[in-house]
Amino acid sequence: MGIGTKILSKIEKNKTSDGLTIPLTPTTQKQSSSWCSFESIKTFFRTVIRDWIFLALLGFIMASLSFGMDYAILNLQNGQMRLFDLVKEYHFTLAYLVWVGYVVGLILLSAVCAHYIAPQAIGSGIPEMKTILRGVILKEYLSVRTLLSKMIGLTLSLGSGLPMGKEGPFVHVASVVASQLTRLVHGSSGGIFENESRSGEMLAAGCAVGVACTFSAPIGGVLFSIEVTSVYFAVRNYWRGFFAATCSATLFRILRMFSVSAAVTVEAHYQTNFPPQNVFLPQELPIFALIGLVCGLAGSIFVYLHRRTVLFLRRNWLAKMIFQKYWLIYPIFIATFISSLSFPLGLGKFMGGEERFSHTMKEFFVDCAWTAPPNDSYACPMPTSNATSSDSFDIRHWKGDNYDYSPFVTLSSFQVVYFFLAILASTLPVPSGIFMPVFVLGAAFGRLVGEGVFSLDPYGHISGDIQFFVRPGVYAVVGAAAFCGAVTHTVSVAVIVFELTGQLCHLLPVMIAVLIANAVASYLQPSIYDSIIRIKNLPYLPDIPHTTSLYHQMLIEQFMISPLVYIAKDSTVGDIKRALETKTRIRAFPLVENMESLALVGSVSRSQLQRYVDSQIGTKARFAEATRRIKQRLEDEESERKRREESKSDDTEDSLETTGAGERRASRFLIVPVAKNGPQVAKNETLTGLSEENARKILTVEEKQALFDAASLATPKREMSGKTINPVHIESHHTIGDIFRSITHLSFGRQNFPKKNNHNEFDLFGEERTEWEDMMLNQKLDLSQLDIDSTPFQLSEYTSLFKAHSLFSLLGLNRAYVTKKGQLIGVVALKELRLAIEYLQSGKVPTPGMSIFNEPPTEQSIYEKSARLESGRATGDAQNAAFVTDNGEDDAQNDYIQPPLEVVRRGALTPNRMSELTRLENVRTTPESPHFEVSSPSTSSSCVSIDFSPLDAANSENGSVGGLVLNVPSLPTRARSANELTRQNTHVQINLPDDVHDEKF
């Protein structure tokens, strides 16, 4: 290629869109190069901000919050112990009051904080985050207000020492922080829900960080958050969770390292010191499997009792009557009850003594035998005099000061009592988690089994190796992982245990026990998080058990909603309006080709249809039509006036009235005072004259500067007082009179807008408004003004329930339309899938080819108790068919202890509508356009408004038109009488308020 060809090629590349060429100078090339470099740097920096720096900042913030909360909790708990130590030697009753009062006070403060700042902070947070990641929006659940309430309330509740956890609430806290950071990065208008895909990625990372900064376990935190919040997880988001969790765990461990008392924080790193070899024998594996089996059964019982307790508090008539009016009684009573049972000088001495519930984990993991004799080599050593509670284990907490109690008694008492106390504590209206209590209970059970095995065979005689010791601490680790896995239905809890203990020598026993416990519990009960979702009636799709083939046999045609409401291409605006008004809870409407074929062509969201209807017959559309009509009428009047002027050019009958300043055209209206005893008008008192041209100008200003009232005229029957406005007999009256008659004939009225809308608009009233609305409602649908989803998800009527459940879970669907050869025959939403699953779980067998909604109810029917079942059957509305199950969804709105969360439907997020207009009842003046609004005292009467302006109003600096706005009281004969008054030059008397004086005109 020659040099000339290269130059021409470069010139062609640098041509602009206008056909011009840019000379190839060195300066231009340098600027282009620098510009490209700047854009590249900007793009790279934006990418770094949105991913790496964002995730690192999220991890660092959560680590700091976690460490700060642990420090505050430790000081609160130590404060209680110091107060108790001061008084326990003097008086038993005083010690009891101090112990109980301290706990009750903190719980009461936490409950008040959560109740009045943000009720969304109550509870764990993992169930709610599970629904949010599914696509549900919970009102104000990720707000700063909720974050503040959660942090304060959780610190107070954990500082009380009750059996509560921190892991679940911190998942919620991390999600809120992720949401707020997203708002800062992407702007306050967007937030976490601006992009649903983006929100899922960041919230998933936030959940992982919440677990990681609680246990300092980044790997287990990521895996656990995925298990409890996701059904299907996108692998591309894996690195986000690990990176943010690693940043959080790293900073958290560094902060603990520099903390003096870090070893005894509430959620500490429980380092164990088991030897790498000979931790367990193969002969012990059946015992570990048995621990998993028992923990699976106990975990199912725990979930069941928790659900029954919550439902009992909702349904019991006495609880309803008390807690509805005095909700503080419940937290006070439960806090008093739990703290009384744990009182160290009472029953508490058989459950660990003065050791706090959250601090017992390290004692359960200690590598010594509690039941060994004091002089045994494997016995737990006594603490030294200069040892602190952070680096020693005091066996006297579990055996008494004089070794009076057996560890079997104290461990058994601890498990039984705290098993029920943990359930009661989880029902309190305060921020609290459930992970840590079940973790401690599992460790206590494992320790009990380990001590029992040690008592029977302390030196491993079953193996023939006298050098081997049975280590109860290993059993405690296995029990903690197994029971926690059974309650939460997770396997990743084993990884958390490995990171908590810092050892992998007990990997095999832990995995065996966790898998068995998880399998047993999954067969008997849902996880604690799914149970809470059902209790709170949050919209979420339950899992399908793989133990029966009924889920493969039930077809969509047996639980779809049919017939359903749809929109056709030939539908009218009225059809759409009726559909929106009658089906207020449907979020999207299917669009079909026509009423006959019902061929599905797409779907339209409710918000789109609502905006379309508003644009056709809404307030703004009506105002625009009124403005068009008044302008058209005034233009016609102008043309008519010019025609008459041309035909009567020699007519000079118009007279001018001379004032002190000069001559002006006479006005048809006079403002004169009216005597108290009667409406006598003095015709020699005039305000000022308005020319015909100025009156026309005032009436043709933009609609935002003119305001008209309805012409439904009715004069109040009362004696007139104050001042009046009087018409004068002039020959030019026909022009202004014609305009007046035109306005009254059009029935334009004055309305009062909300304060945020200070503009004036024309409006239609009466028959004209009705005729216009009827005309608009009969118009055909204009598809060009709608954003149509042309590819809605469709399923065949023969799709199985199992396959539909998999598709909904994998793709994150909210609804799917059921078609037969392209013809729309029904719709299936998340609610129908959930009801079908619960139908099969209740033990019923569906009749082939028959809808489960049309089957006759039986005694065991889960639909029998629903008051809205018949409504759902009759209308076919998927949202109106709500059924009652044993989960207590019918009582979700009656929970006075833990207020229900409000679900925000995306279809309800429509633009703000104009509020209902109110009528003016008093006089107002504005400096921009000085005028007076005179209205009838009767609230039911309407007025006609005319704006008159002085001659020099058009010359004002800001171009605005000032003047006098007069609201003429209506007459019984309505607009026809107003026209008669104008044509006959009848004296019109308008009542003015007493504070209006002549100088204001």
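Here the Cβ of each residue, glycine as well, is placed from N, Cα and C on the backbone.
Swiss-Prot annotates S124, I434, F435 as chloride-binding residues; of Y378, Y523, Y529, the candidate listed for that same site is Y529.
Per Swiss-Prot, the residue from the list S691, S747, S851 bearing the note phosphoserine is S747. Noted from Swiss-Prot: of S463, S549, S605, S742, the annotation phosphoserine belongs to S742.
Residues 150, 165, 168-173, 175, 207, 228-229, 431-434, 529-530, 532-533, 536, 538, 898 of the same chain sit 6 or more residues outside the motif 'Selectivity filter part_1' (123-127) yet have a Cβ under 8 Å from a Cβ within it. Shown in sequence order, I126, P127, G165, E167, G168, G433, T488, I528, I532 are the same-chain residues outside S124, I434, F435, Y529 whose Cβ sits within 8 Å of the Cβ centre of the chloride site. Mapped onto three states, the DSSP output places F435 (chloride binding site) in helix. Taking each of the binding-site residues F435, Y529 in turn and counting other Cβ atoms within 10 Å of its Cβ gives the largest count for F435. Around S124 (chloride binding site), a 10 Å sphere centred on its CB holds 24 further CB atoms from the protein chains shown.
Residues belonging to the domain 'CBS 2' (788-845) score a mean pLDDT of 84 in the model. Other Cβ atoms within 10 Å of the Cβ of I434 (chloride binding site) number 28 in total over all chains.
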